[in-house]
């Protein structure tokens, strides 16, 4: 609270408030990047005290407060000198969870005390220098390396790697030590999980129960990306709502984003926050190398705009910022008034992943009642049977039906309610479509309530407490609820029992209100009264007025305590008529009509099952209103008569596919949008029989439906797999119509008395020719683009893979193409694209050129391709952009403007590119060699493989490969990308936007995989080889496998390239040759080679799907073959490490660790960053007779056939790592060409993507 007069407050509160009323205050910048500038080694971290500590300590920055305190104090002083008002202690990881990584949990107290003392002494020094500008120490409480809201296990969404109580204990230890060390402020920062933060705030409150005076508490959350959410999925506003009741002095955002990206989220926080607001962004987003590029001047300009817009009270810097940044911030904000705290109308606000604000527009808030073991037999049975995932469907249905809050009740004699509610809440936490709404924890057992409070990151509701337990226990329970930050339902009960009359209801509620607001400190808007909805029409006269008593009590409560809310369990009203759901629902609807008018704000209802008041039959409405309002003496009797005459124990719930009853055009559109092929033939036939011609069916309902698909895809409401399924439906329909169209054409020709083919083709938006260029066999992306364009009424002519330029030219002419698109995956394709562009220019074509594929980029298109073709040349990032680009290129009104915009943009890119080449610095090849990877080969004895020569495997187990699949690239192929916290497999399934479609796609993939394995539709095979080897500089000399002892017969050389980008540090300039013992060392080393493919049989699969007009299955097969090829490479490499080379015999890694390369050795591939020259593949093919042994072919352009193939080189060196050669100079190109005995021009052609200078393409 900003203007708190709490007598327990420290003097710091008043001082900081006064300064904040006058100016924007400044926090320090990054600690980690400043520490990095000292280039500390492991011994520096150890110091004298820990020199013999048995675990590695490098990177434990918090430990430096003990071992290198002068460095930490120096950094503090630099920030203070730059103008910081607040400096943070060096304790971001000063908790038992993070220190456990270093086996240093026992040092947590010391680290925090000493860190606080270091910062305090620095602040005191600078305050003494200028007493008019006091400096303050913020005790940094980091997020820990655990998350209480996210499961660490794919298979067990309810699992957690830390629990609330464990977090509280860990945070309490840290807070106690920081305060002992002398901090002025507690800063809970970089919060990525609100439940972790709530645990920290709970611990802080526990601490201040016994310690005085209180210190100010700041909280700073982290929005992880442009989706505007924390890692655990909450929006910034929802996070603020979760912690707002903790009497924070400051709430803000830090880390993950640069200032520009953070601005919209900061603005939202600034609007809703009733405390001071802070922000300390990163120095921009991380660059390619993980660094930060925004200069102090750049950031200061953005910070100044924040301040001028009234968004800031405190500003600082996070990752990548320095004392220079802080100095620039101080100068930028000087003289700008601080943000004014907004005066907001007090309102009840709750949160799940998203906030729920009780505005007037909401009218009435539905609390879903079906997750109640007492009220739903189905839910109870699922919980008892331990079927929690199925039970989630009950909650999901409630949300989908309109519930804005979910009530959860586990009170049942045969259920362990504490365990059940925690487990179910953890399951819900992994389901964003459910956890987006707030939770109501419903139990008569307070232990169950508190157990639930420890599992929910949002601001929830406790249902309920009451005075029936006595005033002392009521207050105790209320204080606990408040400490967890929840709102509370208070029942109209007291020591004498349940209130039934209006007067008793109002009296008990008012008494409860006074206690909660005056003795416990509850805000009125966090109090929800339940004045007891009791059962009417029971046959007992005294019950007849219960409805009226509730309605009138509600009216008075709202007049007496207007900021509070009124709720109730609506189904209690009709309990007498259990089993007659239509009657009960009519009673509920009519009751709410009057109760809402009296001021009832919310109620526990079966969301989605309430009829509209005006839709209730008039005769029934009169009966239920007579009973509810107690208008006649015989109301109960008449209602009972009606119930007996109209007894319907169950609603007729026949699942009818209603869309099948719609007109045929709507059925076709529905089938296209939903991807349903079941009825498309019969619907198409029906349309053909009702429309003038078969062509009319295509141009009418089919294209109409596809237009809807195109619009939905363009608006982001459909995703790529759905679009491809739509195309499958379309193709099946068209295939059915083609014979009829041919017959109609024949009859027309007969009518005209000639045999000339009629040209009544369906209208289209334009003709697009697509081709994978010569030498390249990869076409998944191109095929997807073709489908998407086809769905948007473009006629697509796909001329396949490995397409020579002349064939592309012929297709353009023959089909009168409006646009041509070139695709390629491998680096040599880039030169082929340049050649095609040059030929199109020479032949004076006037159509636009689109460039796409994994190896292409906007900068390459602008610099290398566009200058060779005078017509519009556009790089298309993925299929989702293709439609917009083609539309823009062909739009008669705007195509010239679009082309000019692209041309201007590409000209600017070229200018920047050439300017950057001038600015980059490269070291000479000789100097780079002198600074190669240093290895003491005298101490290393390389492991000899178990055999030398080659080994062929003709049929690798597909079952084993399925278990090794990395699914993340699979979803990238289909252009499905989740947002935090749901990026990557399997969390993508939880993503609000793409999760459902990703799961469907994954299920389809599993079905096809099973068929592939069961029927052996694909064959996985390959060859591996091991050879004696030594290195000379960058190159690896390979000897005959029968010449291991003398090594006198070199049989081949693998040529390498060395990094030349000048480095600011003493890091080595790496080449692959560094990982093999040099010839001069005398050490016998070895190298491995491999080539594998899982693509044998793929052509047959694709051909079958093409005949069935099934693009979806065709693309799926290719995507799975690619995944299986990568899995094969991973599996064989594992076999090599454990058996064939056997340098890690006992290794047993999880898939996750495999994909993260947590093993010794690497397997780089020619054509990739460590050796970008594809022609090195020829050496692999020659040495191992790959073509003869496996039938994997190599094209002239170094593409492998089948395309689902992987090849590379095995290194066993323990320090070998993947790296990127980066740009190289002409000097190295000349050396490389000379060693390899090729021309300089040929070397430049194959290495064009990494040249540090420009060169002309080869003329063909």
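Positions of Cβ are set from backbone N, Cα and C atoms, glycine also.
In Swiss-Prot, the S-adenosyl-L-methionine site is described by 966, 1218, 1219, and among 910, 1021, 1163 the residue recorded at this site is 1163. Among the candidates 255, 272, 275, 371, the residue that Swiss-Prot names alongside 318, 319 for the Zn(2+) site is 255.
In the three-state DSSP scheme, residue 699 (methylcob(III)alamin binding site) falls into the helix class. Considering only the binding-site residues 1218, 1219, the Cβ with the fewest other Cβ atoms within 10 Å is that of 1218. In terms of DSSP secondary structure, the domain 'B12-binding' (766-883) contains 53 helix, 24 strand, 41 coil. The stretch in 13-333, 364-625, 766-883, 916-1256 that contributes the largest number of Cβ pairs under 8 Å to the domain 'B12-binding N-terminal' (655-749) is 916-1256.
Max Cα-Cα distance over the annotated S-adenosyl-L-methionine binders (966, 1163, 1218, 1219) is 21 Å. Residue 319 (Zn(2+) binding site): 23 other CB atoms within 10 A of its CB, across all protein chains. Within 8 Å of the centroid defined by the CB atoms of 255, 318, 319, the record's Zn(2+) site, lie the Cβ atoms of 30, 190, 222, 254, 256, 280, 281, 282, 317, 320, 321, excluding the listed residues themselves. Around residue 318 (Zn(2+) binding site), the C-beta neighbours below 8 angstroms that are at least 6 residues distant in the chain are 29, 30, 190, 254, 255, 280, 281, 282. Residue 966 (S-adenosyl-L-methionine binding site) has a Cβ environment of 16 other Cβ atoms inside 10 Å. When secondary structure is read from DSSP and collapsed to three states, residue 255 (Zn(2+) binding site) falls in the strand class.
A gap of 27 Å separates the Cα atoms of residue 1218 (S-adenosyl-L-methionine binding site) and residue 823 (methylcob(III)alamin binding site).
In sequence order, 772, 801, 823, 824, 825, 826, 853, 854, 1199, 1203 constitute the residues six or more apart from residue 778 (methylcob(III)alamin binding site) in its chain with CB-CB distances below 8 Å.
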